[in-house]
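Taken from TrEMBL as is:
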- Asp299: active site (ACT_SITE)
- Gln110, Lys126, Glu147, Ala230, Ala231, Leu232, Leu233, Glu304, Asp319: ATP binding site (BINDING)
- Glu147, Asp319: Mn(2+) binding site (BINDING)
- 194-402: domain 'FAM20 C-terminal' (DOMAIN)
Amino acid sequence: SKLAALFDHPLYNIPIPEVTEKDKLFVVNPMEKFSLRSSGSDEWVSSSKAETVLPTGKTAYDTYPTWLKFHVGINRYELYPRRDPLMPTLLRDLATQRIISSVQKSGGTQLKLIMTFPNYGQALFKPMKQTRDQETPIDFFYFSDFERHNAEIAAFHLDRILDFRRIPPVSGRLVNITKEIRDITTDKKLAKTFFISPAGNVCFYGECSYYCSTEHALCGKPDRLEGSMAALLPDKTLAKRRSWRSPWRRSYHKSKKAEWELNPNYCAQVRETPPYDRGHRLLDLIDMTILDFLMGNMDRHHYETFEKFGNDTFLLHLDNGRGFGTHSRDELSILAPLRQCCSIKKSTYLRLQLLATQPYRLSDLLREALATDPLAPILAEPHLRALDRRLGKVLEAVGRCLAG
């Protein structure tokens, strides 16, 4: 396995700083049992009345469902550890656990559902909108593109191969629209949008600001539909997150350009502006830029961080459905932060160089990682080949900075 060899490489075994209590998202008393409170959110609360006597040899932590162990493991430095023993179980849960509730997620431009499991775990379901080999039309603006379920799955694995580990776990899943959405939803607005198509397939379209109409309905075959299931992060009432507008946000206007596209010295301005004027925030943003360039995602207008950790923590790479839309073109403007600031973390640069070598070729690693997903193959071959080409362009950009 090339992946196993990669994760054994010294560059993937650089230790993170020691994690103290204040570096943990949640401080949990390992002797205290947690009871789950069904309150419409995935909220869990410490229960002082819970039985303190547990089966022999088990701590309270051992009794937690996998999603809760994932939440408890989040710290200032990583969303999940490199060698996370929970990961295979968590991905399997997302793909196989019984769905007991499906409701539409509010907000956002396109239809997404929140699905709940019997152990109170929850996942964000993005349904399949187009086939693997359809490319985004060249005349489409980035903001009118479809969100792709397979892009969410591939982005999670790519982020892990780059050793960022800033995307919550995602698995593909084949869902039965009738039994796992229509028959169990309590969402009246969603329920009104189901119909049977002329071809006899079960369809629905939900309510949202784009692509929620009979013309853009999601239809099963006859009621089977592919989608991505992403583990939800802890409820915001328990772990507040802060949303930051990206300094290299696009204009989201058909003819206007953003300031960074017009001002060659734009990075100097950013470096003087908090939170980019200290710490590693700008370097973290450049990491995110490289991830986006590799998958061709132009739609990164905001990013989030956990509020508890202030400025000294990683960025969450959420919402990656607009990646992997084109393989025949490389959107160099995505690399603007790297090219304008001429800065990159040394560890990131060394790993990118490693991923450009034959034994650890990026496309081979991602192909191997994606082969384990229930919906494999996840990406068409041209997308995997494009990764190696784009990685070369990232290394070229760094080379120009070093030469300059």
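Including glycine, each Cβ sits where the backbone N, Cα and C put it.
Keep in mind it's a predicted model, so treat the numbers as computed, not measured.
Sequence features annotated in TrEMBL and their locations in the structure.
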residue: Gln110; record: ATP binding site; Cβ neighbours (10 Å): 20
residue: Glu147; record: ATP binding site; Cβ neighbours (10 Å): 25
residue: Ala231; record: ATP binding site; Cβ neighbours (10 Å): 24
residue: Leu233; record: ATP binding site; Cβ neighbours (10 Å): 22
residue: Asp299; record: active site; Cβ neighbours (10 Å): 20
residue: Asp319; record: ATP binding site; Cβ neighbours (10 Å): 23
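Annotated pair Glu147 (ATP binding site) and the residue listed as 'active site', C-alpha to C-alpha distance, rounded: 10 Å. When pLDDT values are averaged over the domain 'FAM20 C-terminal' (194-402), the model yields 95.
If you measure from the Cα atom of Gln110 (ATP binding site) to that of Asp299 (active site), you get 14 Å.
For the pair Leu233 (ATP binding site) and the residue listed as 'active site', the C-alpha distance works out to 21 angstrom. When the Cα atoms are compared, Asp299 (active site) and Ala231 (ATP binding site) turn out to be 21 Å apart.
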